[in-house]
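Participant: These came from Swiss-Prot, pasted as-is:
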BINDING   His84, His183  heme b b562 binding site
BINDING   His98, His197  heme b b566 binding site
BINDING   His202  ubiquinone binding site
TRANSMEM  34-54  transmembrane segment
TRANSMEM  78-99  transmembrane segment
TRANSMEM  114-134  transmembrane segment
TRANSMEM  179-199  transmembrane segment
TRANSMEM  227-247  transmembrane segment
TRANSMEM  289-309  transmembrane segment
TRANSMEM  321-341  transmembrane segment
TRANSMEM  348-368  transmembrane segment
Amino acid sequence: MAPNIRKSHPLLKMINNSLIDLPAPSNISAWWNFGSLLAVCLATQILTGLLLAMHYTADTSLAFSSVAHTCRNVQYGWLIRNLHANGASFFFICIFLHIGRGLYYGSYLYKETWNTGVILLLTLMATAFVGYVLPWGQMSFWGGTVITNLFSAIPYIGQTLVEWAWGGFSVDNPTLTRFFALHFLLPFVIAGITVTHLMFLHESGSNNPLGISSNSDKIPFHPYYSLKDILGLALMLTPFLTLALFSPNLLGDPENFTPANPLVTPPHIKPEWYFLFAYAILRSIPNKLGGVLALAASVLILLLIPFLHKSKQRTMTFRPLSQALFWLLVANLLILTWVGSQPVEHPFIIIGQMASFSYFTILLSLLPAVGTLENKMLNY
């Protein structure tokens, strides 16, 4: 029999082993769909971003009007812009659900895969941040000013670092130019790290909802999971297109319809919704350096999760106490997101402080303690 080109060709062989003949556990649920959805999000963002970059001008006097020009005069420019802006939101929705799945089912015990995933999250956050500055509206400018200014809290080198990042003494033309360069570059860096992420995952194979070895029962990725992923894609595409076509500005800030003005500060400076949980944690500490450290810790804490796993069972499937804590953590993050969008006044200050405290408490002490308790209860 003639050799199958899919299995013998050096390039096709890699694709085949990753997406076609890949042995996959027979019982992975829809929670395992988000990896492929994230890949689709990245591809969409790169494509729409490339088309937008063709019409964008990275200059303070032209940036705002170039975006307006794209929406008004370019064929389907409004659609490309709406898909790109709302695609970012769906990218974050998918990555949050993907991380939540990892926490619930103990996927973080594949340490290399988990760590590359955390690096991907950080790179994505950086990309989204620099991208938000590009339309050069009021919230773009002031959001960029406030967040970059946080680096000045670093002792001794802080102020120098901020001025170096800005390319001057305030957010101005050099800042916009370099942010555009970074925003163009970073998605390709994300694509590269994604390949590494996938490579580490395929070393061990996927985890499954039971958290036990699935070597005894594997099925080929195609047609089973390729079809399942297409269904997941259709289910994501529906709300995504509904949002982008019916209310494209729902998640945006009205302030961004006003061109950037360094002389007028908006009443409430806040980032996009997907950063609000971290922003709430930053604001809950009445000290600049402390707030910056808490902000960094709120994401970097994910790197500690594999070391805080004390249960003898991998997943939370059969651990009701840990499940309760997990959903408490989810509710807590939703509260933080809401508080981050509110002004800094009573009662939001105290709610934010309590939610920030419980966020770290649940992750650092309650989950490991409850894991140990469940071991005892099961006579492990």
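Using the three backbone atoms N, Cα and C, a Cβ is placed for every residue, glycine included.
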Participant: Fewest neighbouring Cβ atoms within 10 Å: which of the binding-site residues His84, His183, His197, His202?
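Facilitator: Taking His84, His183, His197, His202 as the binding-site residues, the minimal 10 Å Cβ count falls on His202.
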Participant: Do the transmembrane segment (34-54) and the transmembrane segment (348-368) share at least 3 Cβ pairs closer than 8 Å, excluding pairs fewer than 6 residues apart in sequence?
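Facilitator: When sequence-distant Cβ pairs are counted, the transmembrane segment (348-368) does not touch the transmembrane segment (34-54), since fewer than 3 lie under 8 Å.
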Participant: Enumerate same-chain residues with a sequence separation of six or more from His98 (heme b b566 binding site) and a Cβ-Cβ distance below 8 A; give 'none' if the list is empty.
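Facilitator: Counting only residues 6 or more apart in sequence, the Cβ neighbours of His98 (heme b b566 binding site) under 8 Å are Phe34, Gly35, Leu38, Gly117.
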Participant: Go through the chain and flag residues at least 6 beyond the ends of the transmembrane segment (348-368) whose CB is under 8 A from any CB in it; none is fine as an answer.
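Facilitator: Same-chain residues near the transmembrane segment (348-368) but 6 or more away: 280-281, 283-285, 294, 297-298, 301, 304-305, 308-310, 322, 325-326, 328-329, 332-333, 335-336, 339-340, 342.
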Participant: Counting only pairs at least 6 apart in sequence, do the transmembrane segment (227-247) and the transmembrane segment (114-134) share 3+ Cβ pairs under 8 Å?
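Facilitator: They do not touch: fewer than three Cβ pairs between the two stretches lie under 8 Å.
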Participant: Expressed to the nearest Å, what is the distance separating His84 (heme b b562 binding site) and His202 (ubiquinone binding site) at their Cα atoms?
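Facilitator: Here the two Cα atoms are 30 Å apart.
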Participant: So if I exclude everything within five residues of the ends of the transmembrane segment (179-199), which remaining residues of that chain have a CB under 8 angstroms from its CBs? That is, six or more out.
Facilitator: 18, 38-39, 42, 45-46, 49, 53, 56, 58, 113, 116-117, 119-120, 123-124, 126-127, 130-131, 133-134, 144
Participant: Measuring Cα to Cα, how far is His197 (heme b b566 binding site) from His183 (heme b b562 binding site) in Å?
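Facilitator: About 21 Å separate the Cα atoms of these two residues.
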